[in-house]
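Some notes on the structure that comes next.
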Amino acid sequence: GSQALVSFVLQQEFPDNFSLVAEEDSKDLRKDGGQEIVERITKLVNDSLTIDGSYNVTLSTEDVLKAIDNGRSEGGSQGRHWVLDPIDGTKGFLRGDQYAIALALLDGGKVVLGVLACPNLPLTSLSDAGRHSPNNKVGCLFFAVVGGGTYMQPLDGSSAVKVQVSAVENPEEASFFESYEAAHSMHDLSSLIAQKLGVKAPPVRIDSQAKYGALSRGDGAIYLRLPHKGYREKIWDHAAGCIVVSEAGGVVTDAAGQPLDFSKGKYLDLDTGIIVTNQKLMPLLFNAVRKSIQEKASSL
């Protein structure tokens, strides 16, 4: 439903040479027995369009399936491509925890715009006691355009504020994020890196690109994503988060210190994993990552 809605609206607004690289397709929905869920999704999409009021249309089930399948582009280094993860952090979403709707725009293989909607992320820092906003206020939108900085806006539409990554220079004072799911990150390797840096705080494990949003406003100083061998990162899991952090003054590289390359299609080919922090901490973090990877390799 999320993918159908975003795809439909983008195509209405930017009809020329429309290209969308997105995670879902309609294959399972078109199978026998899929009709009931397709009708539920269609109702949700139409209800959302009605509430918004910008588009005076009612989509059929076939319109919705087509809108989902408009996300079949392969991306690449030529032209413009939207990149969408309609529900990033599915398990977090199912638990009622953190998830994000992540949208980016590639132009000539470079990310030039990113938007992260994080409906369950508190408006105040995750590092605050209890991790809850005053009055339990949650719901943040982060957005960044290349060269323009990063902004955070509450999902109720009130005014946006410019955000900056943490200015922490001493790794002992840095807190770090990692994936909630062990499959997405080698937690033992992360803890070895943290030990080498002298990080005192335990890792904050949350799902989805909400981590990039939280990092962009300084909730933590480091994000490590070091998946098990054989895992291939997809561009929709990092494109929006990458620009949101870098426009807030952060640095996003792979474990070899190379910038992420979004120009190769749906996958990111990178060395070992992704490391994110501020400019002051990056040299220290990079060294700790390389040493820890070498130690782990030699102990096997």
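Any Cβ shown, glycine's included, is placed from N, Cα and C.
Given the structure is predicted, the values throughout are model-derived calculations rather than measurements.
Residues within less than 8 Å, Cβ to Cβ, of Glu23 (Mg(2+) binding site) and separated from it by at least 6 positions along the same chain comprise Gln3, Gly71, Leu84, Asp85, Pro86, Lys234, Trp236. The annotation Mg(2+) binding site is assigned in TrEMBL to Glu23, Asp85, Ile87, Asp88, Asp237.
A count of other CB atoms within 10 A of each Cβ picks out Asp85 as the most crowded of the binding-site residues Asp85, Asp88. Those same-chain residues not listed among Glu23, Asp85, Ile87, Asp88, Asp237 yet with C-beta within 8 angstroms of the centroid of the Mg(2+) site C-beta atoms are Leu84, Pro86, Gly89, Thr90, Ala100, Ala102, Ser208, Gln209, Trp236. Summary: among the binding-site residues (Ile87, Asp237), the fewest other C-beta atoms within 10 A of the C-beta are counted at Ile87.
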